[in-house]
Amino acid sequence: MSYLFPTYSRWEVEPESAEGSILIDKDGKRYLDFTSGIGVCNLGHRPPAVQEAISTQLNKFWHVSNLFIQEQQEIAAKHLSQAAGMDLVFFANSGAEANEAAIKLARKATGRQKIITFHQSFHGRTFATMAATGQEKIKEGYGSMLETFKYIPFNDFSALKGEMDEKTAAVMLEIVQGEGGIHIGTQEFLKKTEQLCKEYGALLIIDEIQTGIGRTGKAFAFQHFNLDPDIVTSAKGLGSGLPIGAVIGKKKLEKTFGPGSHGSTFGGNPISISAAIATMETIFQEEFLKDVQEKSVYLSNKLTELLEPIPAVKEIRQLGMMIGIETDVNLPSLLKELREKGLLALPAGENVLRMLPPLTATATEINEAAETLKSTLLEYSKSAV
Ligand SMILES: Cc1ncc(COP(=O)(O)O)c(C=O)c1O
């Protein structure tokens, strides 16, 4: 019997060790891990630079509280602000906490309450972020939600225009809806959304929790679309596996989050911060991001070549190293079959196989994943008929 609440349907795999893109289970079986801990281990498992930074900090101090000046927090905040082209950071411990803070910040800064979000979006599991999420299944059984969220179809500008008014505090969106099934925002929709927000004095909050920290080949995915958000949230890849979240905001929001207005005991924890600095110092380099972009083109070509001809593959959607393969086969059993063959991948949305490979995955590993997918999808399609 398990003493854990069964909130997750767990896989049959029990990890023993992991390095780079490879995970070894208790039985010594090798897996190619194209889940990256759900988009967290962007540098692969246990990247040496991050491991060294953590162990250095472990020998200094682990926790002191935010009553103290902590230079490392300043360094991490500077990296994040500069990479996002913004000014100020609040550190939290998770994605949901970062979004929670962003929602509070937007409401307080504008003095308005309504926030527009999108169908299939995912923003977290706390009460406000669950309410922000545009998926009914996430809210089932929890009773009444915060009522100030309005949900409209993604990429539908006329729906947005219809919902926008002078009471709107913010529009909150993911550039690529990750959990919702790898749905990518269009250039036209995103740019018009930004302009409409400016027109109405509403803030644009971009949830980069899954898309940020190099995942799409830019420091943040909004940078593919030349956008100018007011608030950006980050988590997942930021700490390479150590828990950390962040809200990045513009200077004009400084007074809204004055002393005593928001807080977190563990937010900006020194160990997590040390991991975040080492992660950002690796990823936020032109050469590194260029390599991710080249790699994602290679991956895209491979997947198109090998998978597109397979009837069970309905669509392949990709931005950088975020990939969604829409299929019409039974997804849980397909993922299980892949695990048996040593490839770890994720579900998303209704019937989308999602891969979030480490940004450091090699061409050989990409080939291996694509070949495994091809043979499994072919076999699986045959046996499903
Ligand atoms: C876009 C997005 N926002 C928020 C979250 C919530 O992050 P966390 O699980 O760290 O609270 C997630 C997690 O999957 C996410 O993908």
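For all residues, glycine too, the Cβ spot is worked out from N, Cα and C.
The record from TrEMBL ties GLY95, ALA96, ASP207, GLU208, ILE209, GLN210, THR265 to pyridoxal 5'-phosphate, and of the options PHE68, PHE122, PHE288 it ties PHE122 to that site too. The separation of LYS236 (N6-(pyridoxal phosphate)lysine) from ALA96 (pyridoxal 5'-phosphate binding site), Cα to Cα, is 10 Å. Checking each of the recorded positions ARG125, LYS236, SER264 against GLN210 (pyridoxal 5'-phosphate binding site) by C-alpha distance, the shortest gap belongs to LYS236. Checked against ligand 1, the binding-site residues GLY95, GLU208, SER264, THR265 give GLY95 as the ones with a Cβ under 6 Å from it, listed in sequence order.
SER264 (N(2)-acetyl-L-ornithine binding site) is 18 Å away from ILE209 (pyridoxal 5'-phosphate binding site) when you measure Cα to Cα. Compared over the binding-site residues ALA96, ILE209, the count of CB atoms lying within 10 A of a residue's CB peaks at ILE209. In sequence order, GLU174, ILE175, PHE220, ALA221, PHE222, VAL232, THR233, SER234 constitute the residues six or more apart from GLU208 (pyridoxal 5'-phosphate binding site) in its chain with CB-CB distances below 8 Å.
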